[in-house]
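J.: Pasting in a structure now, in structure tokens, and then I'll have a few things to ask.
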């Protein structure tokens with residue numbers, strides 16, 4: 001080991017980890033937690049600092065605990081005794097003991113110094129106190145277990161005192177010291193259990209007697225005596241220190257767990273954590289409670305809470321990725337490519353909606369993609385290849401609509417160079433900034449194409465200045481980004497753009513190995529009639545061939561067909577080439593990595609085990625809600641949901657729609673997506689919608705068949721289909737708005753000032769008023785205002801003019817009125833009449 005952890009030093013010294021950590025920080029060592037490590041040299045300095053300073057006062061009491069330690073530390077001491085015996089028989093003990101001391105310091109950083117201190121104190125203070133019978137056996141036990149480390153410190157300190165006595169006593173002293181040192185573990189807890197220790201005084205007297213008896217005996221015999229003595233010692237001490245032994249056991253187990261590194265999955269419950277660290281669930285819950293967290297044994301613990309608990313229980317945790325052993329991509333990448341050749345660059349075209357991305361690509365490859373997209377807006381990602389001067393370039397076209405954020409992010413991750421298209425007549429827009437951020441996040445080089453340069457209102461300088469504000473400065477202004485002015489309509493500047501792309505690709509030295517199995521990234525996926533699940537991929541490395549066994553996340557299969565960007569069936573795709581793969585068992589999520597493996601069994605193993613993990617993870621998610629949330633949900637009519645079933649033609653569109661609809665919510669209403677899938681609207685979707693109250697089926701680029709329509713009509717299920725995402729989102733907004741409670745606004749209709757009051761027996765107080773503003777209406781709501789303060793809010797129960805009932809009195813006229821349930825009207829009060837107007841709420 002290169003380093004020693006703070007908690008290890010603490011366990012050796014018998015102190016708490018936090019105390020040692022504090023001392024280390026006082027010394028200026030860079031440590032943050034008990035798990036932090038320090039070098040051996042720093043550990044020695046830290047030990048000396050603790051012992052020679054504040055530890056001196058504590059030294060006397062820790063010594064008292066040796067009694068307990070004797071029974072527990074049998075194994076290690078025996079080995080040490082053998083070493084000592086050999087050393088003693090060999091030659092001069094004093095000279096050999098000193099070098100041993102140095103070695104011991106290296107091996108167990110702090111014990112030697114501690115032991116020295118304890119030895120001294122015990123010899124001085126403990127001799128006068130005697131408890132003869134019990135202590136004899138104790139002495140026997142501890143004497144034989146002398147370690148080289150322990151003897152040395154004692155001899156050094158006791159030389160002067162023992163010189164006065166006979167030579168043999170010197171060895172006895174060593175024996176005594178060893179006893180004390182041997183019980184080091186007990187004294188580890190010195191600070192907490194000082195009051196409990198009462199047996200130590202017996203040791204010193206009895207030790208001397210035992211040592212004198214054992215003096216002539218061979219070291220090997222001592223070993224035997226150790227075993228016997230320990231047994232008797234344990235038996236005799238049972239009545240006296242049983243509780244202490246229990247505590248000691250706990251401490252020993254604690255020191256073991258301190259060294260433990262516990263591996264935990266990302267998702268772990270309280271009881272699972274307790275099992276892993278060897279504690280009871282109650283202990284863990286108690287600690288959580290003390291930290292202010294209420295938890296049951298089935299609750300999940302987040303990473304932050306796990307770190308806090310690890311600190312509390314002095315364990316080191318390591319979060320392991322359960323999928324690591326199922327990471328087929330990692331296995332693929334582990335094989336180094338021994339052969340590399342140049343590959344075409346993969347270019348992603350990104351930018352704001354309607355800025356001409358697809359039109360630009362359309363001009364480059366001379367097709368009419370934009371006309372086929374609903375509303376001329378790109379709804380799907382397309383991947384295409386073109387040739388320029390004998391060199392090929394792969395293009396990915398991403399949608400610019402705000403709902404397709406994730407699709408743009410995937411495009412950025414799968415690409416080598418990003419083309420940011422900005423309209424010269426429109427400037428930088430929100431999705432332009434977002435596209436720039438995606439490219440920066442993916443660490444992809446950017447080229448800016450200023451489109452629509454042919455328009456009279458085009459202002460390329462404005463675009464440059466706007467982009468410079470967000471850190472995209474053109475090279476002509478001293479920046480590092482290439483700006484190319486183009487027109488997708490006339491073709492102006494398109495060749496310059498392609499040349500710039502090829503130049504950038506040449507600088508990047510893009511290479512791959514076409515002579516190995518394929519690795520590809522899924523750009524788009526869908527469920528097609530007659531073909532089943534299909535995935536549009538771009539090969540990143542290797543060659544993808546028809547017949548290959550592939551795994552793609554939780555999907556697997558055999559490549560039955562590959563279709564290129566022109567719709568032709570082909571046999572293989574090489575690095576940077578796009579293709580549509582047919583043959584997977586399910587629709588893979590966009591952005592997933594597809595890898596060719598050696599056989600169907602391996603592909604199935606990866607996919608099925610990953611699918612099982614995902615299923616377990618989904619099932620294990622807690623559904624617990626807080627009391628506050630629960631009380632809010634229980635309030636009548638508080639939260640209204642619009643249950644919807646979404647079906648789309650592609651995975652990317654489905655994700656975009658789900659993301660947009662989940663944002664349509666407030667504290668009163670929200671969209672509840674009860675099912676979402678790729679493919680046509682089926683009868684099972686209609687059945688599910690019927691089972692869910694007021695559910696609506698939303699289809700995007702898919703339509704129901706005749707049988708499905710008929711069933712929906714019979715069950716009264718509403719099916720809405722769309723081809724443009726704007727329309728779908730707007731319709732859902734309208735549906736949600738209809739569920740919102742109307743907004744009630746007050747409208748003041750008039751004011752009247754009380755000029756006189758009349759008390760009418762059995763009726764109440766009538767206020768004679770002059771209307772000063774607006775109109776006073778009978779049965780209108782009214783509030784009585786006195787000195788600017790509202791003192792009553794009710795309604796006008798009676799309104800008369802010249803003793804006749806009237807419906808309303810306008811400004812400038814006098815009237816008599818009564819306020820319902822209020823007779824304390826006084827001259828000078830103001831009556832304010834108002835009505836409540838309901839307005840439809842909108843999201």
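Quick reminder: no glycine exception, Cβ is built from N, Cα and C everywhere.
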J.: Do you know which of 29-48, 189-208, 209-228 Swiss-Prot annotates as region 'Disordered'?
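T.: The range carrying the region 'Disordered' annotation in Swiss-Prot is 209-228.
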J.: Swiss-Prot tags one of 366-370, 371-375, 376-380 as region 'G2' - which one?
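T.: When 366-370, 371-375, 376-380 are checked in Swiss-Prot, region 'G2' belongs to 376-380.
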J.: Can you identify, from 447-450, 451-454, 455-458, the stretch that Swiss-Prot calls region 'G4'?
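T.: Feature region 'G4' in Swiss-Prot: residues 451-454.
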J.: Which is it, of 343-350, 351-358, 383-390, 407-414, that Swiss-Prot names as region 'G1'?
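T.: Result: 351-358 is the stretch Swiss-Prot calls region 'G1'.
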J.: Restricting to the same chain and to sequence separations of six or more, state which residues have a Cβ under 8 Å from that of residue 453 (GTP binding site).
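T.: Looking at Cβ-Cβ distances below 8 Å from residue 453 (GTP binding site), excluding near sequence neighbours, one finds 424, 460, 485, 486, 487, 492, 493.
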J.: Going by DSSP, is residue 453 (GTP binding site) part of a helix, a strand, or coil?
T.: coil
